[in-house]
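Okay, structure first, notes after.
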Amino acid sequence: MNAHQANPPGESLAALLGRLGSRSIVFVGLMGAGKTAIGRKVATMLSLPFIDSDQEIESVSRMTVPELFERYGEAEFRALEQRVILRVLENGPQVLSTGGGAFMNAQTREAIAGHGVSVWLKAELDLLMDRVSKKQNRPLLKSADPRAVLERLMSERYPVYATSDVTVPTRDDRKEVIAAEVLNALCRHFGIDEIAATGEIES
């Protein structure tokens, strides 16, 4: 069945949930890609809990991510991040948004592969720059040339992100549209008929 003969939205969403079982949908990608906003929307569409790993880290540590970076350094932060993500993954199904560096950890990738389905929100540099320039809470971008930092991170991380189960190009569009494209990409990944039209599954 092709996309023009797709299932009614409810049937495909139910089939997708069935294929997920106890696994989580795990969003990966660079800062500014929209992991939290899109992840939250996907969770709503699937009636699943939404977890943001950075928020979980802040809850556990009682410190903000920038404070953790400043006080303990990136290595200690990554170790805490790994522990938190591994714990969260034990409680699927859910939708989990991870920090930009989380997927670079081999043990974290292994845990995600075992307990989830990874979704890379792939964004172009200009979109990322536009989004991150509006926020002041990005420890890795405290630089005289944040664009160069992002370019370096893209060079280092995109080949690893590309090993994700699903890749969805993101852009400056409504989150409902991107979230629906994520759901259709997951349907294709599992061999499920796509949802009829993105507008039909907005909530």
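Each residue, glycine too, has its Cβ placed from N, Cα and C.
Same-site candidate for substrate binding, as annotated by Swiss-Prot with R78, G100, R157, chosen from D54, D145, D172, D173: D54. Sequence-distant contacts of R78 (substrate binding site), defined as residues of its own chain at least six apart whose C-beta falls under 8 angstroms from its C-beta, comprise G101, A102, N105. Checking the binding-site residues (D54, G100, R157) against G32 (ATP binding site) with a 10 Å Cα-Cα cut-off leaves G100. Taking the Cα of A33 (ATP binding site) as the reference point, the closest of the binding-site residues D54, G100, R157 is G100.
By a simple count of nearby Cβ atoms, those within 10 Å, the most crowded of the binding-site residues G32, G100 is G32. Non-local neighbourhood of R157 (substrate binding site): L30, G100, G101, F103, M104, each in the same chain, at least six residues away, with C-beta under 8 Å from its C-beta.
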